[in-house]
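Enquirer: Structure provided below as structure tokens; questions to follow.
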Ligand SMILES: C[S@@+](CC[C@H](N)C(=O)[O-])C[C@H]1O[C@@H](n2cnc3c(N)ncnc32)[C@H](O)[C@@H]1O
């Protein structure tokens, strides 16, 4: 058996105990190249498809997705115009299984409890948008990670609220408030061994048991936010039964929940009933093994809650910021910006000077760390509004009154912060223009004498963006 030099010896022994000779295949698979995936991501245009310019980099479609593809090895697409525009999301193919298992339904209220950096949230938002939308609240306990979560949600136009709280605080604040909750739990990360040497290095024999205790704690709180009949999706990117089958067996034993069988997609193996006291229903949960499929490894289970979990004290329902519902200036400004104003943009909350679409509804917010009550729409400067960069990503092609479609070269200059020359035939009365490439909105520009000033945020500007043609050429020459 070939073994990568730093795969922990104790991990190998442990997996041999669980799996017998099959552990050899698993460990050998970890010496190979990781599988990478790319999926369509623009939530504002959920029925759109991947742009043709990406074709040279794509392999087969990932079977459990409509829009995900394996990515050719050695290609790096993070610094491209279409990535910055939120046209696609780079994600481990096996991680895409989680939103597929969630199977969001129209109008549902969904909490993603461990959401950063946002892979599952953004896919759930896209799948929900294809069915008319859902109300998604994305939470993470770590402040630095929640900032990245907000950036990723903004990039692809996922219209969710972003919260930075402990599961215990949310269980207390939001008892029985959600139709579905996702717990993509912190774990020992054995499914990351192949792609991340740091995870191999940090792994410790005690890690699975320690994480199991944390996972149980998070799950007990997660169930408390679910309405009876609601569903919990539990996932990890680790392979250890202690953090997977054992955790689900514990849930089944201690709570009024039932496992729902997940679909039998190719490369989704049944979870192991022999690792769960012989419970055959465990096979309805799924494992995506790195040696049996094209992905880094995931465990996914979906459970239905039958009875409410004892609710903690209900909090009062203070609002995070004031509503602007009756503000005529706001309505008039929206009509000047958009061809058709979405209802969601009329239900707003204002924090400091920023106007947000309200994604929290009647959820209590007092005492909670709410980073964003919904996607940012505009900044208020006195009685004047300036569109927030994030708002550009929330609107489908053709949705802004004034749009400038630019070629890739101009888009690269725009993303670096350069102004645009004034195009011919622009709307005479427009102050703000959406800047788009291939129908994906990059951001805004503002009319100035003889040109359009660049409103792309300074913190996002980059001079590293490369053209797809150059990348395809480089990939072709390195493989020949
Ligand atoms: C596997 S990652 C989530 C990945 C994310 N769902 C995605 O798809 O991009 C687990 C997350 O759990 C968060 N976490 C760690 N401890 C936690 C706790 N006690 N309660 C809630 N979340 C926690 C971590 O900050 C981390 O972002």
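Don't overthink the numbers, they just go from 1 along the chain as shown.
Glycine is treated like the rest: Cβ placed from N, Cα and C.
TrEMBL entries are annotated by machine, without manual review.
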Enquirer: Given that TrEMBL annotates 114, 115, 116, 117, 118, 119, 120, 184 as binding S-adenosyl-L-methionine, state which candidate in 103, 140, 196 belongs to that site as well.
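Expert: For S-adenosyl-L-methionine, TrEMBL names 114, 115, 116, 117, 118, 119, 120, 184; of 103, 140, 196, the listed one is 140.
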Enquirer: Widest Cα span across the S-adenosyl-L-methionine binders 114, 115, 116, 117, 118, 119, 120, 140, 184, in Å?
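Expert: Greatest Cα-Cα span of the listed binding residues: 13 Å.
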Enquirer: Taking the centroid of the Cβ atoms of 114, 115, 116, 117, 118, 119, 120, 140, 184 as the S-adenosyl-L-methionine site, which other residues of that chain lie with their Cβ within 8 Å of it, listed in sequence order?
Expert: 112, 121, 138, 145, 149
Enquirer: Please report the distance from the Cα of residue 114 (S-adenosyl-L-methionine binding site) to the Cα of residue 237 (active site, nucleophile), rounded to the nearest angstrom.
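Expert: Computed Cα spacing between residue 114 (S-adenosyl-L-methionine binding site) and residue 237 (active site, nucleophile) is 13 Å.
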Enquirer: Around residue 120 (S-adenosyl-L-methionine binding site), which residues of its chain at least 6 apart sit with Cβ under 8 Å of its Cβ?
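Expert: Within the chain, residue 120 (S-adenosyl-L-methionine binding site) has Cβ neighbours under 8 Å at 95, 98, 99, 102, 112, 182, 184, 235.
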Enquirer: May I ask for the distance between residue 116 (S-adenosyl-L-methionine binding site) and residue 237 (active site, nucleophile), taken between their Cα atoms and rounded to an integer number of Å?
Expert: 14
